[in-house]
Structures are given as C-alpha cells and as structure tokens.
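Inspection log for the structure reproduced underneath, given as structure tokens.
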Amino acid sequence: MAEISQDILKNVIKERPSASHKGDYGKLLLIGGSSHYGGAIIMATEGALNSGAGLVCVATHNLNVTALHSRDPEAMFLDWRDEAGLKQLIPQMNVIICGMGLGVEQQSIKCLEILRDTVQENQTVVLDASALTLIAKDKTLIPRNAKKIVITPHQMEWERLSQIRINYQTDAANFEALDNLFPKQNAYLVLKSNHTKVYDQMDHQVLVNPLGNPGMATGGMGDTLAGIIGGFCGQFSVNLQTLAAAVYLHSLAGDVIFEENYVVRPTKLSALLPKLMKKYSEGKNKN
Ligand SMILES: NC(=O)C1=CN([C@@H]2O[C@H](COP(=O)(O)OP(=O)(O)OC[C@H]3O[C@@H](n4cnc5c(N)ncnc54)[C@H](OP(=O)(O)O)[C@@H]3O)[C@@H](O)[C@H]2O)[C@@H](O)CC1
Ligand SMILES: Nc1ncnc2c1ncn2[C@@H]1O[C@H](COP(=O)(O)OP(=O)(O)O)[C@@H](O)[C@H]1O
Ligand SMILES: [Mg+2]
C-alpha cells in the first residue's frame, strides 16, 4: 500500500504570491458546537485558521461565542438557530465543514438539512463526527449537490455509516461502501485510526499515513484535523494529494510535539502548523 511521504507537503503547500488577498485562500464555514461540545468547534476553527484559511465563519450555539472570540477573534460568528442567516451564508462559501461537536439534537439535524438544501455544486463539503452519526441514521441528510465531498470518520463512525464492522474495514469493502453511499459524487474518505487512510472514490486510490503517535489520542484531535482539511481545501486543489498532505501535516505536528511531551494537546498542535507550513512552502510554487 502506498504510504504518504514528506514530499507531499512540498508539492501541495504553495508559497503565497504577493498579489493576493484573503479571498484567495478560501472562505470557510464551520458548523458545529452544541451547548455541550463548544470545545470541538473551537478546536476545528483553530485547525482551519492555523492551516491558512483566508476567511472563517462559524455557525454554532450562541453559548460558544464568547469562548470562540476570546480564543479566535479572526473567526466570524453566526448563531446556528438563525436559519435565514445560514441559508444566506452557505452559498457564499468555498468550503463548508460540518459536524464537530454538532451533537444529535433537533437543531443539529436542522443544520444538516439546511446544508443539504442550500449547498451549491461548486462547493466542497467536509463531514465529520456528529454529522456522520446523523447521516448514518438518515441518508437523506447527505448533501448530494456538492461536487466534492470529504468524510472524516473514525473507525466507529465509519462502522455506523457503512455498516462494516471495524475488523472488516478492508479497502475493497470501504470502496464498495463509498460507491453505495455516494453513487454520483466525487467522495473522499479519510478513515482515521493510528494509521489513517485516505481513499479517493473516483480513482480507487488509497494512501496510508505513516506518522502519528499515541500522544495524539486526545479528545479534539479529529476536530482539529477536520479544520485543517477545510483549510487545505480552501487553499489548494481538492484532491487526494491535498487531503493526504493535510493528514500528514497533522500527524507530523503531533510527532514533533510528542518528541518532548507525553501528550499532544490539539490546540498546541494547531499552534505549530504555521511554522511547519512555512518551512515546506519555501521556494516552491510561487506564481
Ligand atoms: N471538547 C469537545 O467539545 C469534544 C467534542 N467531541 C464531539 O463529541 C461528539 C461525539 O464524538 P465521539 O467521537 O467522542 O463519540 P462517538 O461518535 O460515539 O465515538 C466514540 C465511540 O467510538 C468508539 N471507537 C472505536 N474506534 C474508535 C476510534 N478509532 N477512534 C475513536 N473512537 C473509536 C469508541 O470506543 P471506546 O472509546 O468506547 O473504546 C466509542 O465507543 C462529536 O460531535 C465530537 O465532535 C469530541 O470530538 C471530543 C472533544
Ligand atoms: N494512537 C494514535 N496514533 C496516531 N494517531 C492517533 C492515535 N489516536 C488518535 N489519533 C489521531 O487523532 C485523531 C482522532 O480523531 P477523532 O477520534 O475524531 O477525535 P475527536 O473526535 O476527539 O476530535 C485522528 O486524526 C487519529 O488519527
Ligand atoms: Mg471526531
């Protein structure tokens, strides 16, 4: 099986041209963070901001706004009960990342319904965590209009969605499930574990991540990755290489911290990303 290598970072991460502005680096909307899971949406926001997203909006429970803004004033806020606001905002975005701490309440389902009904063909949708748990129960919630869809389940979330028990999640079975779930979409599966795999449904390619460590087994680590994936999709072409680079960078940052620390806090991992991205962008792809 093909492993992701460090070259992928140099290939994907581009040096920024002078003549550019925030709109060139992705307009992202993150949807999630119920009254119980405010931390999840904040960690995803930090993943997105620290991986270079140009503009970040966050639709979340209003209880989370003070914490969000005190940590990340770069992010704009929308109360997720504001249905008209959500419907207006979604079409203006390049990437929508939904599910981190979304929960499985009525309002969580409403957010997914609005996303499904409002998303445009040219947008990328990243689905994580509770969004996948909800879709597992009700497939009509899949946002079918989006041309590019990325799902980022851990093994149990994938079991719920695909009905494949964890021990039977082989590449062949996973591709078959992707074809059944997303018959006419260009879907990517980021199947998270200690050796995360990235699947490209269209080309039937799969890459495995060789990095990562048990210090990363900390709540919020996947929420952070969803934000990074959103950040990369907003800046670089949405394809297998870009997704693999996001996964690799996340684990590389985790490994750097793990060298000298027993645990890796997701917020510390996020804070390291700008420095690592600078290093791998230098002298490359400037236009
Ligand atoms: N600070 C916050 O706000 C945080 C909020 N969060 C939000 O919480 C919501 C629920 O998400 P969730 O992932 O915590 O719960 P769920 O979907 O029930 O999965 C757990 C079950 O799956 C099993 N399992 C098997 N294999 C596994 C694997 N490889 N990786 C992981 N689990 C694996 C696992 O097995 P066990 O641990 O019992 O052995 C357990 O039975 C979601 O919205 C999320 O965003 C969290 O991100 C944390 C920080
Ligand atoms: N033992 C491990 N080795 C390598 N990576 C790990 C390990 N445990 C967890 N991770 C990584 O941490 C993330 C966990 O994601 P997830 O379970 O969705 O977390 P959360 O929902 O709490 O944010 C994944 O990217 C996974 O690859
Ligand atoms: Mg998760």
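Residue numbers in this text run from 1 along the chain shown.
Yeah, the Cβs are placed from backbone N, Cα and C, and that goes for glycine too.
Those TrEMBL annotations? Automatic predictions, nothing curated.
Listed by TrEMBL as binding AMP are LYS192, SER193, ASN194, HIS195, THR196; the candidate from GLY222, GLY227, GLY230 that the record includes in that site is GLY222. (6S)-NADPHX binds ALA40, GLY101, HIS154 as TrEMBL records it, and from the list ASP203, ASP223 the residue named for this site is ASP223.
Close to ligand 1, meaning a Cβ under 6 Å from one of its atoms, are these of the binding-site residues GLY101, HIS154, SER193, THR196: GLY101, HIS154, SER193. When the alpha carbons of HIS154 ((6S)-NADPHX binding site) and GLY222 (AMP binding site) are compared, the span between them is 8 angstrom. There are 31 other CB atoms within 10 A of the CB of ALA40 ((6S)-NADPHX binding site), with all protein chains counted. Within 8 Å of the Cβ centroid of the (6S)-NADPHX site, not counting the listed residues ALA40, GLY101, HIS154, ASP223, the chain contributes GLY32, TYR37, MET43, ALA44, GLY99, MET100, ASP128, ALA129, SER130, GLY219, GLY220, GLY222, ALA226.
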